[in-house]
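Down below is the structure, laid out as structure tokens.
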Amino acid sequence: MANQTPIPVVVIGAAGKMGREVIKAVTQAADMNLVGAIDTTAEYQGQDAGELAGLSEPLEIPITNQLEPMLAFASQGKQLGVMVDFTHPSSVYDNVRSAIAYGLRPVVGTTGLSPEQIQDLAEFADKASTGCLIIPNFSIGMVLLQQAAVAASQHFDHVEIIELHHNQKADAPSGTAIQTAQMLADIGKTYNQSLVEETEKLPGARGSQAEEGVRIHSVRLPGLIAHQEVIFGAAGQIYTLRHDTSDRACYMPGVLLAIRKVLQLKSLVYGLEKIL
Ligand SMILES: NC(=O)C1=CN([C@@H]2O[C@H](COP(=O)(O)OP(=O)(O)OC[C@H]3O[C@@H](n4cnc5c(N)ncnc54)[C@H](OP(=O)(O)O)[C@@H]3O)[C@@H](O)[C@H]2O)C=CC1
Ligand SMILES: O=C(O)C1=N[C@H](C(=O)O)C[C@H](O)C1
């Protein structure tokens, strides 16, 4: 590894909560080289990405909102480049299309892409024979929770998901909750058959209904980071799976793994569990 050219990495959303963590993690990885830090926040334009991320030394990489020139620059070396996206549901689709068009491999943490957008990006990546990773949750704990939930779903017919996040989150339900519900639906059974005719006296009281009857409830409060419960019920018993994050550093081993793995792919892959 020591003799290999480091992987050029562009971080988009670099001034955000996740972007700053990614800047730190990429800078500390011996096989990666941070080449660009993109963010639209007006007040951070021109600031050093390392100082903003809390590193002791400046990186001499200023935050800029100029994505396309940065992608062009990052695609010029002989080593394939990676764009890591932690931005906003409204911009991630266009960012990924641009990265692929410039020959960079996208690693996407941003949630809120619709199934149609993901399908479209998969076709775009296929045509370009380009790896692309969309990972709704980079923490190993969540992969293990989801595996346990799929195992439990063989034995329980009733399940509801509660996801709890900080109140600066733009999308609901969380990408992780949507993915978890999809995994439960994929085993091919319908959950939560109602025994009575239910009436919602306040709209949304019973949460949202994902495929195959899986219900998702979203909580947004200051003081939270990211948490998820999957609650199974049956006669006389409740089985609860819960994952809590206390620091966004928990996502970084997954992000670094994804940066390395995306270079080996030729198509779009969805979910951390597929690259472990
Ligand atoms: N997959 C995973 O494991 C995880 C995923 N996430 C997801 O990552 C995303 C980001 O989360 P978080 O860091 O908390 O959010 P933040 O709001 O803290 O950061 C997002 C940053 O992206 C910037 N931004 C928005 N649009 C653009 C754009 N088009 N180009 C460049 N920069 C842009 C924002 O700037 P501005 O001020 O201009 O809006 C902001 O600085 C969310 O979708 C979240 O759900 C979060 C944690 C883990
Ligand atoms: O916005 C967040 O914070 C998080 N977003 C992701 C999601 O929507 O699932 C991952 C994690 O829950 C944190």
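Backbone N, Cα and C define each Cβ position, glycine as well.
Here is what TrEMBL says about this protein:
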ACT_SITE  H165  active site, proton donor/acceptor
ACT_SITE  K169  active site, proton donor
BINDING   G13, A14, A15, G16, K17, M18, G109, T110, T111  NAD(+) binding site
BINDING   H166, G175, T176  (S)-2,3,4,5-tetrahydrodipicolinate binding site
DOMAIN    141-276  domain 'Dihydrodipicolinate reductase C-terminal'
- Cα within 10 Å of G13 (NAD(+) binding site) is the criterion; apply it to the recorded positions H165, H166, K169, T176 and give the hits in sequence order. none
- Query: In the structure shown, which of the binding-site residues G13, G109, G175 has the fewest Cβ neighbours within 10 Å?
  - Reply: G175
- Item | Cβ within 8 Å of the mean position of the Cβ atoms of H166, G175, T176: remaining residues of the chain near (S)-2,3,4,5-tetrahydrodipicolinate | T111, P136, N137, E163, H165, K169, D171, S174, A177, A226
- Item | Most Cβ neighbours inside 10 Å, all chains, among the recorded positions K17, H165 | H165
- Query: T111 (NAD(+) binding site) to G175 ((S)-2,3,4,5-tetrahydrodipicolinate binding site): how many Å between their Cα atoms?
  - Reply: 5
- Just how many other Cβ atoms lie inside 10 Å of the Cβ on T111 (NAD(+) binding site)? 24
- Consider only the recorded positions G13, T111, K169, G175: which of them have a Cβ under 6 Å from an atom of ligand 2? Write none if no residue does. T111, K169, G175
- Where the C-beta lies under 6 angstroms from ligand 1, the matching recorded positions among K17, G109, H165, H166, T176: K17, G109
